[in-house]
Structures are given as structure tokens and as C-alpha cells.
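This report concerns only the one structure given below.
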Number of protein chains: 2
Amino acid sequence: MLRLKAIFSYDGSEFSGYQVQPGKRTVQLELERVLQTMHKGESVKVVASGRTDAGVHATGQVIHFDSTLTLPNDRWKTALNVQLPRDIRILSVEQVRDDFHARFDAKGKTYRYIWSLNEIHSPFERNFTVHADRYKPNIELMKQASCYLLGTHDFSSFCASNTSVKDFVRTVHSIKLEVQKGSNQLHMVINGNGFLYNMVRIIAGTLWEIAIGKKSVEEIRDILESCDRKKAGKTAPAHGLYLENVEYFE
Amino acid sequence: MLRLKAIFSYDGSEFSGYQVQPGKRTVQLELERVLQTMHKGESVKVVASGRTDAGVHATGQVIHFDSTLTLPNDRWKTALNVQLPRDIRILSVEQVRDDFHARFDAKGKTYRYIWSLNEIHSPFERNFTVHADRYKPNIELMKQASCYLLGTHDFSSFCASNTSVKDFVRTVHSIKLEVQKGSNQLHMVINGNGFLYNMVRIIAGTLWEIAIGKKSVEEIRDILESCDRKKAGKTAPAHGLYLENVEYFE
């Protein structure tokens, strides 16, 4: 039995999220279906760094799985891509130590959130960015507010209420906010040691409300300290979010 | 009755092409459905600069239509976009002279064709570019071959056989070929006074075969002179093609 780690990308638009759910098309289902075919009908369980919700994309999601097959890394990649649907693409496969765990060994993650600032929301961006609509966001205010979130905090205010998690303390290492000139998109890139359920989308939604003047910069401090989900902004839409990278302990 | 000209964009992925066909979702159908609602059930016929096939995109398609409504141009745009599906977006609407005709008054068109040269075809590009797969195209050869197509020629060799057209003479003003560094995409931008059925896709397919060494540069001359569709390359896939601009006589 060899343990393999795969890094992959998916367009979340036509998936009911990452995790297997009865009767739904999910990313995990497609991966396990293809692996089962490659293993002559024997089921292969894949373990991801974490789930993503319906509509959320990934450019660097990570899984591990065990296999009896002995293929060179590049052959693994090609064999999986040939059989996977075109909205999932394997970027790399490598053999790892037997006890590598895609979820428990993750020491950090990077997510990207993208808004389109174009007056008209291009049909080609419609599933991949959230439209700013008539709003002209003040990026400086967003940057100021984002500084309050850096470091180690109880992020209860930024966690969806339907969670089973007990420990709400996480560390956010960086939040970068930048307008990309050519595409006129606003990108938020956030890195931390882990994220609560919907945490990135609630941070995006809250910073956005600050950017458009619905909340003040100073409020972010009260929101964080209150540990009350109701104080934070709305959960920003799923289709603006990308899981970009998962870092592991060596 | 006022005559209006609208410029619009669409993602062709989920349309059975531009033109109305019984039982199919087409761009024209969606436009006429929304205009009919705006005109209290009265049907409004739209006339486009030309059709596009299933899967073909547009960033600057043009229609004209007549209306009894008197709205400022910007209100027209907003009213249409609110009701249209998100894979069609109106970019501008303006009142034009009563005898303006979106098809007959067109003096030129620009199309763009995009190949992705990335080793892995990104899920986010899959409907918007054609994947070069394992091929490394020789762009210089494509450029050399494209020069033979410039000017006024009988383009029968570059026209799908199922056409009712009698006159195969068209003028190609320019063909630009360029690799975009950031995205690693190859773009072909072609401008001419008009294009035969599938002409851009057959030109793209033929230049591609030259780029990957399946045909020589010199062959393009024979292909053109033979007036025989069978000599040219395969029709390149629809989802790499964009109608970018339509020019009109003032």
C-alpha cells in the first residue's frame, strides 16, 4: 500500500460542494469514482484538507489516498485527468510517507476572494467573481479594518452558527487586498493556520460592508471582541471564493 | 417607432447558438423574450449582425430592434440586464437612424480565437479556450502562413460545405497572433469585411495544423487556390471563438 498526495483544482460551479452527499454531484464523489475504476472496482477513500461549500472553487486543494498501484507520479496525474470530468484537474501527484494526513498535517491555508469592479458583470466572470454592482469600495478602509483581524483571536463572530467546532481560536497570518488593473478585480488573499466554517466568506462580507460604508473601520474590533456572529457582516457569496494553497509540516 | 442598436456579450457555453430554433435555448430567444415582456406581450424582432454557432462566445455582438418605448439609453441597458440571464450582458444601447441594419450595414468584423498552452487545461478556462494538449505550436510558422490569407480571395476552401452562399470572395484585413504571457494563451485576432460559415474556425484549425507540423507553411497557398474545403485543416472547436467587434458604415 502506498500513500499518495494529490494537489488539484476545480470549478465549483456545478458541484454541490466537495464532500460526498447522497444523490448529489460532489468533487469527492468524482475523485472516488475514478479511483474505484482504476482499482478494478475496489473502493478508495480520499481524505481532503477540508471541505468546500457548493459554488466554492479550488486552485490548490489537497487530498491523500492509499493505493496498491505502482505508477510514476506523472502517470498518476495523466491517468486521473483522462477519466475525471473537465471541471476537476489534477495538478500533481506524489508519493508521501505512510502517515501523511491531508487534513491533520495541514499547518496553514491560503484562500482568495474575488470581486469584479466592472460596471457590467461579464458573462465570463459571472461564476468566478462577485459583482460589486453599483458600489465603489474604499480599499483603504478595508485594509485598515483587516489589520484588526491579524494574529490569534477567538473568531466566533466570523463562524457560521451551524458548526460542531468547540475551539474558535485561529491565527490569521496575513490579509492582502489588491485591485488588479487589467481585469478590474479586487482580490483578498488571506493566510492562516486554519479557518472556521464560513470564516473567509464572513470576513470578506464584513470587510466589504466596511468598504461600501455600511460599517465603520472601528466596528471590526467590537465585532471580533463580541464573539457574536450577528454583529459581523453577511456571508459573502460562495462563487467568489477559492481555496488556493494548503501548507504542510515537512 | 424608434430603432435601437445594442452591443452585447454572451458566454456561448449554455446556448444552442445565437439563432432561434424550436425547443432550444438560444441567445436570440432570450433577447426577444425579455423585449416582449418589456413591451407588454407584443413580440419584438431582433436582427443580429450574424449568427454564432453553439458554444461560440461574443464580447461585441450587435443587434437592432424597433420599439415604441422612449427610454434613455442607460435605462434601456439596465432594464434589459435586470431581466436577461447572467450569461448575456448588454454593454450599450443607443438610438440609431430608422434604416440602420445590424447585418446589412456591417462593413467589417473582428473575431478572436484562443488556445490555452498550459500543460493542464484549467477548469476555469475549459469552456473559454481550446487546449493545446501536448502540442507546442510554432507561432512563427502560423504567422508566415497567415500572410497568404490577407487580402481579397475566394475563401471556398475555408467555408463549411453546408452553406447557401454563392459568393465566396471575402477580404481579410489582418490576422494577429500573439502569446499572452500571464495566461499562457495563444490569441488569434482576425479582422475582415465578412466571414463565410465556419471560416474563422477553419482558418484557426488550418493554422494550428501548420503550427504543430501537420501541414507546411507553403501548403496554405495550395489550400486557398484549390477552392476545396477538403484540403484545409479541421474546423477548430467552437468554444475557442469570440465575436469581438462589428464595424459599421457611419
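Each Cβ is built from the backbone N, Cα and C atoms, and glycine gets one as well.
For B:6-105, B:147-248, the entry in TrEMBL reads domain 'Pseudouridine synthase I TruA alpha/beta'. Annotation source TrEMBL lists active site, nucleophile at B:D53. The substrate binding site annotation in TrEMBL covers B:Y111.
DSSP assignment over the domain 'Pseudouridine synthase I TruA alpha/beta' (B:6-105) gives 26 helix, 27 strand, 47 coil. For the domain 'Pseudouridine synthase I TruA alpha/beta' (B:147-248), the number of residues in each DSSP class (helix H, G, I; strand E, B; coil) is 31 helix, 32 strand, 39 coil. Mean pLDDT across the domain 'Pseudouridine synthase I TruA alpha/beta' (B:147-248) comes to 96 in this model. Under the three-state DSSP scheme, B:Y111 (substrate binding site) falls in the strand class.
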